[in-house]
Amino acid sequence: MIPVIALVGRPNVGKSTLFNQLTRSRDALVADYPGLTRDRKYGDGKLGEHEFIVIDTGGISGDEQGIDEKMARQSLLAIEEADVVLFLVDGRHGLNPADEMIASHLRRSNKQVSLVVNKTDGINEDIALADFYSLGFGELHPIAASHGKGVHVLIDKVMLPFAERVEEAKNQISIESRGIRIGVVGRPNVGKSTLVNRMLGEDRVVVYDMPGTTRDSVYIPYVRNDKEYTLIDTAGIRRRKHVKEAVEKFSIVKALQAIQDANVVIVVIDSHENLVEQDLHMIGYVLDAGRGVIIAINKWDGLKKDDREHIKSEVERRLGFVPYAKVHYISALHGTGVGDLYDTIESTYESCYAKWTTNRLTRILEDSIAEHQPPMVNSRRIKLRYAHQGGSNPPRIVVHGNQTDSLPGSYKRYLENKFRTVLNITGTPIIFEFKSAENPFAPKK
C-alpha cells in the first residue's frame, strides 16, 4: 500500500503550504476541471522517487469547542490512519503550549513522528531549533515550506523505511490480483458492499477492520464469462454485536489507496440523497490519480418517474466536469443494471491502456487543424506540427509546435474532444502536453 503522511500541528504553522508543496507535482499533471471543487485536505504526493498520500489534518490548539472540536477529532483520527506523522511547529514563534499538548498525544500514538520546524528561512537555524528539543522527538527537521527549502531532504528521510515496503506491496498486488483491478468507492452506506457482493455473485461480508492488519483493502480475484478481474473491496464492514445490519466504517484513506491500486474505479452514489460535495470530491480524487472512472447511481429501483428525471438532470448538471464518464443507474440489491457495468469496465480499461502510433496521432492533429485552425498570436498563427503518445493510464498525448504556450484553453479543449471522439476514448482523462520547438535564430537571452 502507498504510505500515508499526516501533517499535524497547531493553526498557522504552515501545514497547508507544505501540503501544496508535496502535492503540486501531481496537481500539475491534471487540468482544473470547471465545476470541480477539490477537497484540499487529502492529496496524492510525489517527490523524487517517493509516492505517498498526504493528509492535512487542520489545526489543533487544545481548546476547541463545537464544530472545531469535531474537526480536531477528525485530525486525531487521521493520525491513526497515517504511516508517518509530520509534526509541524513554527520556528519564528518558538515553543507554544499547544505544541506541547499535541506532542503529548503523539507520544502516546506509537506512530513514526518527525518533528518539522518550519519558517526557518532568514533566521538563525540553531536558535530556532533550540526550543523544540525539549519535546523529545530526537532529530529536528528545519524547513521553509513556502520556498521548498529542506522539503526534499525531509521526505527522503521519512520515506526511506517504506521504499522496500512499497516495492513489496506492488509485487504482492500483482501476485494477488488478476485481470482488470476494479476499485469500488463512495460515501458510507451508498451500497458499496452490496455492489461488491453482487459483482462477485455471492453474499459475503469480509471482516478486515481488525486491529493490527497491515492492509485495509481486500483483493478478491474472480472470473466472469471466462475473463479475470480483481475487486478491491474497501467498505470496511463490521458487524455490530446483537444487531443484524452491517455498519460501514468510512475511511477516506482506504478509498484513496484503492484508487491508486485500481485500473478502473466505480464511484457509487446514492440516488436517494442526490449528489453531494463528497461525491464530487471522490470523483476528483479518481481524476487526480488519472484512473478510469465509472459512475454508478445506486438504489434506482423503486424511485418514482419524477424523482428519476430530477436525478438525471442533476447528474447532467453537476457532472459536467467529467462528460466522458459513463453513468449507470443500478440497483445493487436486486442486480438491476449491474451486469451492464462490465462492458464499460472493459472499454474504460482499453482506453486507459491504449497504444497509438505517432503517424495516427499526427494525422488526427492535421485533420483537426484543417477543420479549425489555431488562433493568431501577434499576427502569427500558432503552428502545431506533430503529436505522439507520451504514456498511458491515463493516456498522455504530446503535441509539438511553435508558440504552444499561447494556445488558449478553448482550443486545447477542442483538440481533446476531437482526439477523444476519433480514438473512441471513454472513462479516462486525457493529458495533453504542448511543447514548443526552439527557434535557432531567436536572440539568446
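Each residue, glycine too, has its Cβ placed from N, Cα and C.
Here is what Swiss-Prot records for this protein:
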type	residues	note
DOMAIN	3-166	domain 'EngA-type G 1'
BINDING	9-16, 56-60, 118-121	GTP 1 binding site
DOMAIN	180-353	domain 'EngA-type G 2'
BINDING	186-193, 233-237, 298-301	GTP 2 binding site
DOMAIN	354-438	domain 'KH-like'
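Here the features listed in Swiss-Prot are painted onto the structure.
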residue : record             : contacts (Cβ under 8 Å, 6+ apart)
Thr120  : GTP 1 binding site : Gly91, Ala128, Leu129, Pro142, Ile143, Ala144, Lys149, Gly150
Gly186  : GTP 2 binding site : Lys192, Val267, Val268, Ile269, Asp270, Asp279, Met282
Trp300  : GTP 2 binding site : Ser271, Arg308, Tyr329, Ile330, Ser331, Thr336, Gly337
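Straight-line distance linking the Cα atoms of Thr57 (GTP 1 binding site) and Asn189 (GTP 2 binding site), rounded to a whole number, equals 24 Å. Here Lys15 (GTP 1 binding site) is positioned 31 angstrom away from Asn189 (GTP 2 binding site), judged by their C-alpha atoms.
The DSSP secondary structure for Lys15 (GTP 1 binding site) is helix. Every protein chain shown contributes to the tally, and the Cβ of Asn12 (GTP 1 binding site) ends up with 11 other Cβ atoms within 10 Å. Each of the binding-site residues Thr57, Asn189 was scored by other CB atoms within 10 A of its CB, and the lowest score goes to Asn189. Cβ contacts within 10 Å of Lys192 (GTP 2 binding site), excluding its own Cβ and spanning all protein chains shown: 27.
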